[in-house]
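According to TrEMBL, the protein carries these features:
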COILED    221-252  coiled coil
COMPBIAS  334-347  compositional bias 'Acidic residues'
COMPBIAS  353-364  compositional bias 'Basic and acidic residues'
DOMAIN    26-82  domain 'RING-type'
DOMAIN    271-329  domain 'COS'
REGION    327-364  region 'Disordered'
Amino acid sequence: MNFTVGFKPPLGDAHNMENLEKQLICPICLEMFSKPVVILPCQHNLCRKCANDVFQASNPLWQSRGSSTVSSGGRFRCPSCRHEVVLDRHGVYGLQRNLLVENIIDIYKQESSRPLHSKAEQHLMCEEHEDEKINIYCLSCEVPTCSLCKVFGAHKDCEVAPLPTIYKRQKSELSDGIAMLVAGNDRVQAVITQMEEVCQTIEDNSRRQKQLLNQRFETLCAVLEERKGELLQALAREQEEKLQRVRGLIRQYGDHLEVSSKLVESAIQSMEEPQMALYLQQAKELINKVGAMSKVELAGRPEPGYESMEQFSVNVEHVAEMLRTIDFQPGAAGEEEDDEVALEGDESNAGLEEERLDGPEGLH
């Protein structure tokens, strides 16, 4: 379907009011801001109700404002720029109100009584029938068209529907898709945060096990020094393999989050298109992209206990001729800790002869 936008020179004031109207749209509900309006630390504005909905979705266990329990606050991400907003115990009620925006909304409502986007729709005209407005939607060809095209034009044998009906339907589909995608992004961000904590735990556990190995090998002879090096290399390899795997998953989740966020921004910008026909030209593709993105399955997370490095514990209760056979013994950490307590008591009361005989055990 060919059509053109037949612009009639608008008045400057009307054009300015239309531009102002676009700046007063909430990125969550996609309607004009409803008071009270709150301003985030990133300088973006939200209806306080919408901000509370996003905050509650990101912090399901946070106590409500009327609860007797004092909450420690929470956090959520700005839907416009993904900046993390940290709140105190007052939740969204602790955010500063943007009185300037509220005053602008009051002035705008006083100056304009027309429905949102109503004037912009009057200028979309059929290219084949220049005096006809685009007012119906061809369901067979999936394009907006005019009434004359249906009566005796290219779409006379097609099934059509009123343009507002299809506009509302597809806008609702895209809005639902955006909501699902935003919720999915929050879950992905939570998974990334958890895996970053796994990386930290792996590094901490690895550091602790290295310290234990060093403590046990410091008093041994040169043959133990050689074996110690081999065991430390094995531990470092295991650490690196685990970190590479988890960091690879973090990059994969991060890439998915970046693509998904850009798609959300593109979809939100499309939702702000005031002209129904122009919007419908690109809505179907966006709906398909949003649907496909929401169905993408990401790689699994590390299994429970993946960050544990306990399998790299060693038991040094061996005679000198068996030292070269020392290897890691998973599960021996608890047993060795009991031995350390007992040996400390024995050493405090032992004589020089006992110290000589019990020397290997004293290395625990």
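Backbone N, Cα and C atoms are what each Cβ position is placed from, and that goes for glycine too.
Unlike curated entries, TrEMBL annotations are predicted automatically.
Proximity of distant same-chain residues to the coiled coil (221-252), defined by a Cβ-Cβ separation under 8 Å and at least 6 residues beyond the stretch ends, is recorded for 192, 195-196, 198-199, 202-203, 206, 209-210, 213-214, 298-299, 301-302, 306-307, 309, 312, 314, 323-324, 326-328. When averaged over the coiled coil (221-252), pLDDT in the model lands at 85.
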